[in-house]
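Undergrad: Let me give you the structure first, and then I'll get to my questions.
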Amino acid sequence: MAVLARQLQRLLWTACKKKEREKEGREEEEEEEAGRRAPEGPRSLLTAPRRAQRPHGGAEASGGLRFGASAAQGWRARMEDAHCTWLSLPGLPPGWALFAVLDGHGGARAARFGARHLPGHVLQELGPEPSEPEGVREALRRAFLSADERLRSLWPRVETGGCTAVVLLVSPRFLYLAHCGDSRAVLSRAGAVAFSTEDHRPLRPRERERIHAAGGTIRRRRVEGSLAVSRALGDFTYKEAPGRPPELQLVSAEPEVAALARQAEDEFMLLASDGVWDTVSGAALAGLVASRLRLGLAPELLCAQLLDTCLCKGSLDNMTCILVCFPGAPRPSEEAIRRELALDAALGCRIAELCASAQKPPSLNTVFRTLASEDIPDLPPGGGLDCKATVIAEVYSQICQVSEECGEKGQDGAGKSNPTHLGSALDMEA
């Protein structure tokens, strides 16, 4: 009876999702058309980054699972990342959840397709009573391949582009990670990185062997001199070697799947697109996340701060991250909060000194570079001064506002300043 109830729940869920997809499909066509009209600059970069984020999160009470997610377009002319979060999975017992980050290239359609349809393929392959762990690993492998085949059937033959993907499937006993390409996941356990996915690049021995066996070449570290990743959804022009199954094509949609037995020391899992990993290592990000959790920061706000930090560190790509916190995640610490407040106060005093020592307030970039050259204690591990960019910008803006008001009163507007946004804090260097 329980199995039948779960099957009915899944059927109802599928019907609801079909209606949602019809509406989303119309919205996607409008977004794609707007994207085609967007002006193309050098490397498809904007003149200023788009920093807007809509962080969101949730919690699953029975299993102690919390998550946060956020995304930012950054300097790119188009947003090609997508993600999805499921705290519960229809048709499966409590304690199962799914999270995915997808990073598109050559357009956003493949990533959006994956975010909307890959969970359904996973559910279909799992069935109502999945066997762990090998049955689930095989189900994830089949789900990626079936989703890729479905995408091929929907796309015109002239369509180009694809996406990388990293999926975290949580069960009460295991953490399953399935990934294609360079979207990455890191597990923190007992204060250290316990597991990290490895990017699928053409020069990895296994990838190189498959590419050459399928008649392909590797030039400039890229498949056929063009594609930087060797596994992806979509990219069907690289999947036409005759007589070879999908997993043995030049570019494969077959994921690498890991099954990690859950432990009480598990703290959190961070999933992110390469716009995040390009600027900060996995170990550094894990340290930064742990330090922010000790401040009591909600996972979704923490994700937003991570993306701001990566933007300030120089990321030029779209950025998406999902933080999944387990019961063993670091808890708020009064000492950590006290030290953070002291750091903010010290930064405020130093910025005031820098502005007061000049005839007119220096630019925000000058203030930031000056602070970066100084030895400031207790900066966030892994994030450094970049993690405090928002605080610095807010303090600077307040000081300039006071200076403006004083200038208006004293010299009829003389001495006004024109503060810039830390955009992320520093102008993009040529």
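Cβ coordinates are placed from backbone N, Cα and C, and glycine is handled just like the others.
Pasting the relevant annotations from Swiss-Prot:
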type: REGION; residues: 16-65; note: region 'Disordered'
type: COMPBIAS; residues: 17-26; note: compositional bias 'Basic and acidic residues'
type: DOMAIN; residues: 66-326; note: domain 'PPM-type phosphatase'
type: BINDING; residues: Asp103, Gly104; note: Mn(2+) 1 binding site
type: BINDING; residues: Asp103, Asp274, Asp317; note: Mn(2+) 2 binding site
type: REGION; residues: 407-430; note: region 'Disordered'
Undergrad: Near Asp274 (Mn(2+) 2 binding site), which residues of its own chain have a C-beta under 8 A away, given they sit six or more steps off in sequence?
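TA: Sequence-distant Cβ neighbours: Asp103, Thr164, Asp182, Ser183, Arg184, Asp199, Asp317.
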Undergrad: Taking only same-chain residues 6+ apart in sequence, whose CB is under 8 Å from that of Gly104 (Mn(2+) 1 binding site), what do you get?
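TA: Spatial neighbours, sequence-distant, of Gly104 (Mn(2+) 1 binding site): Glu80, Asp81, Ala82, Ala110, Ala111, Arg112, Gly161, Gly162, Cys163.
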Undergrad: Can you tell which of the binding-site residues (Asp103, Asp317) has the fewest other C-beta atoms within 10 angstroms of its C-beta?
TA: Asp317
Undergrad: Starting from the Mn(2+) 2 site formed by Asp103, Asp274, Asp317, give every other residue of that chain whose CB sits within 8 Å of the mean position of their CB atoms, in sequence order.
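TA: Nearby residues not in the site list: Asp81, Thr164, Asp182, Ser183, Ser273, Gly275, Val276, Trp277, Asp278, Asn318, Met319.
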Undergrad: Express the predicted model's confidence over the domain 'PPM-type phosphatase' (66-326) as a mean pLDDT, rounded to an integer.
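TA: Averaging the confidence scores along the domain 'PPM-type phosphatase' (66-326) gives 96.
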